[in-house]
Amino acid sequence: MDLFLYNTLSREKERFLPVNDPVKLYTCGPTVYDYAHIGNFRTYIFEDLLKRVLLFLGYSVYHVMNITDVDDKTLAGARKKGCSLEKYCQPYIHAFFADLETLHILKADAYPHATHYIPQMIEAIQQLINQGVAYIGQDQSVYFSISQFPNYGALSHLNLEELRNSARIDADEYDKDNLCDFVLWKAYDPDRDGEIFWESPFGKGRPGWHLECSIMSISLLGQSLDIHAGGVDNIFPHHENEIAQSESLSHKPFVRYWLHSHHLLVDRKKMSKSLGNFFTLRDLLDQGFSGEEVRYLLLQGHYRTQLNFTQEGLHASRQSLKRLRDFICRLEDPSYPDDIIHPEVATACQSFLETFITSLTNDLNISSSLAALFDFIRKINSSIDQHTGIQTETDSSVFSKQDAQHILALLRKIDQVLGVLPFSQPDIPEEVLLLVEQREAARKVKNWQEADRLRDEILSRSFAIEDGKTGMKVKKL
């Protein structure tokens, strides 16, 4: 099935036709000056969904996510704490990887650290100087001359002639009102940089943020990538500058598909520490929410729409996951009779799967996929309530254990994309299932003493039986 993705460069949905196998995917990772906040994780979960969909559709993927461990913010933090850059960044790097695990975000194939690629960055800067697209300024920093790159502004759709140009800027982050030559190498300033610098042919200093991503991606993925993803705030200047640097170095198109997720708002306001609406994942975990609940909330909206984050939304995510958990537990009930997979159940499963996948291939429309999932759950629950398969005029077969197992297999399949379904109950060993069946047989003939003995035997194997109006459930203790 063809995959269509919205390409920021063309402003159109395009059929995904990778030029590489495996697909070369680069995503902007954290700047490790602080704990990542939920706005960051909205982007990381969108990128995780993208990767999972590619894998689900049968593509091989080689994924690189960078770690920015040298920039204005990390240097300021290290200087304030009076420690080395590595010592300052390390706790935030560890926390980031722990957060990825909590949110069920698949690991990248490589996590390059900017500080490990300084020699390659220096070499690239020298190459750009030799080509005449970079120059040493009066402040001894090295700048990229945007006038030497005719396609500058194509990604962010800027008309350079209509914008006010400044001479140059050495800040890592700036807005479109300050369009100017950007820094490739920042000359050493002892008051600003303390003891942190690298030697180079241009003098002591450190690389600019934009150059770091270009060199790490080229070093690990080559000169032409299939997909580069990030947040909309990265379009300008960061990704615009990446294109200028990378294509000046290689003289080849840098990226085929650019994908960007929209902003996350908190109570319809921009997240900021001054407004008191700034949350890290740890803040939410401390409030009693789970990683799955946070993931579900950040996952459920389309990535190109603003997502409004609220406490009510988190509680709604909790209820959605409870509904999913209850459905899965119901399917795991071992009391269903042995029988065939009924054609009506198989047809319902196939119809749902086709809708689920079709939505995903339409620019990762996860909202429609989730709507299809809950509609499917409603239909299956209704059929179980009626003690039948999906009813037709000619077939009213009893819902079977095989029906349940077929649906569970389908849910496990789609969870390769969602990464959030609460399969809380592990596989039940065959010997425990045998004891459960023996207990059910004893109960049917009202041999309560034997039924109790078998219950105790099941308990001794760390499983419990819950008898309810809708049947019996087995749970791991």
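Cβ atoms are placed via backbone N, Cα and C, with glycine included.
The feature Zn(2+) binding site is assigned by Swiss-Prot to C28, C213, H238, E242, with similarity to another entry given as support. The annotation ATP binding site is assigned in Swiss-Prot to K273 on the grounds of similarity to another entry. Annotation comment: Swiss-Prot describes 30-40 as motif ''HIGH' region'. What Swiss-Prot records for 270-274 is motif ''KMSKS' region'.
Excluding C28, C213, H238, E242 themselves, the residues of that chain whose CB lies within 8 A of the CB mean position for the Zn(2+) site are, in sequence, N66, W209, H210, E212, S214, H228, G230, N234, H239, N241. Mean pLDDT across the motif ''HIGH' region' (30-40) comes to 95 in this model.
Scoring each of the binding-site residues (C28, C213) by how many neighbouring Cβ atoms lie within 10 Å, the top position goes to C213. Here the binding-site residues are H238, E242; the one with the fewest Cβ atoms within 10 Å of its Cβ is H238.
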